[in-house]
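Everything below concerns the one structure shown next.
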Amino acid sequence: MADSTGEIRTAPGPGHYDAARRQLRRASRVVSRRQGPDRRTGQQPSRRWEKANAARNKVRHRVANLREDALHKLTTAVAAEYGTVVIEDLNVAGMLKNRRLARRIADTGFGEIRRQLDYKNRRRHATRTIVASRWYPSSKTSSGCGAVKATLPLHVRTYACDACGLVIDRDDNAALNLAALVAACVTGTEVAGDQDTAPAVSKPRGADQKTRATRTRRKASAGRAGGATLPQQRQEEARDRTQAEPLKLW
């Protein structure tokens with residue numbers, strides 16, 4: 001995190017899930033040795049399975065509660081200290097596809113942080129949340145001179161500006177650029193990284209999506225000749241044909 005004065009604060013991930021992985025693996029092994037439910041055969045779970053499964057769920061619930069408590073403390077402190085908070089619209093679903101980072105990203109809870117900041121800032125009235133556009137180059141823009149790199153691979157963790165010679169951690173550089181967006185969004189002035197336009201603020205999820213147009217269903221016609229439907233017409237034709245044919249005896 002970075003504020004408007006340039007001070008950078010680091011909030012390390014608590015890693016509650018990593019701390020409980022060993023306990024979860026042990027609990028899962030115990031559950032797998034018990035007779036569990038089977039929908040195909042209609043088998044009912046044993047009491048030992050229900051007890052072991054309840055013990056495993058207890059560990060999962062504790063991890064979720066610890067994560068939620070840590071996020072509440074972080075977002076409450078941020079909302080109480082700052083008047084305007086700028087967050088980045090991260091593609092969390094795409095980040096979860098990286099098998100090396102998926103577990104830690106899911107344990108961090110980026111979506112929950114954004115949700116809590118949103119309603120806590122609205123509750124305080126004096127604080128507001130600005131969501132930077134997903135395509136704003138916060139990491140590739142120099143926080144010193146505003147120059148933008150063409151590419152910056154993810155494995156490059158240090159940002160080195162060729163224009164002004166700035167050398168800084170890429171996450172710290174991105175945080176400084178997001179902090180500079182406050183002045184642009186509030187006063188409309190130019191800030192580092194602006195591409196001759198004001199930074200875009202993303203809309204809530206689903207705001208740009210179009211819904212399917214509803215079509216009015218047509219009512220069924222009154223039928224064919226004589227006002228009868230097709231099955232009724234066929235029955236009448238068969239009855240008339242039977243009555244018209246003479247009776248033959250062998």
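Cβ coordinates come from backbone N, Cα and C, glycine included.
Residue counts for the compositional bias 'Basic residues' (22-32) under DSSP (helix as H, G, I; strand as E, B; rest coil) come to 11 helix, 0 strand, 0 coil. TrEMBL lists 22-32 (among others) with the feature compositional bias 'Basic residues'.
Residues annotated as compositional bias 'Basic and acidic residues' in TrEMBL: 35-53 (among others).
Look at TrEMBL and you will find 212-221 (among others) tagged as compositional bias 'Basic residues'.
As annotated by TrEMBL, compositional bias 'Basic and acidic residues' applies to 234-243 (among others).
Averaged over the domain 'Probable transposase IS891/IS1136/IS1341' (5-98), the predicted model has a pLDDT of 88. Annotation comment: TrEMBL describes 5-98 as domain 'Probable transposase IS891/IS1136/IS1341'.
Summarised by DSSP class, the composition of the domain 'Cas12f1-like TNB' (110-178) is 24 helix, 13 strand, 32 coil. Residues or ranges marked as domain 'Cas12f1-like TNB' by TrEMBL: 110-178.
Here TrEMBL flags 1-56 (among others) as region 'Disordered'.
Residues annotated as region 'Disordered' in TrEMBL: 193-250 (among others).
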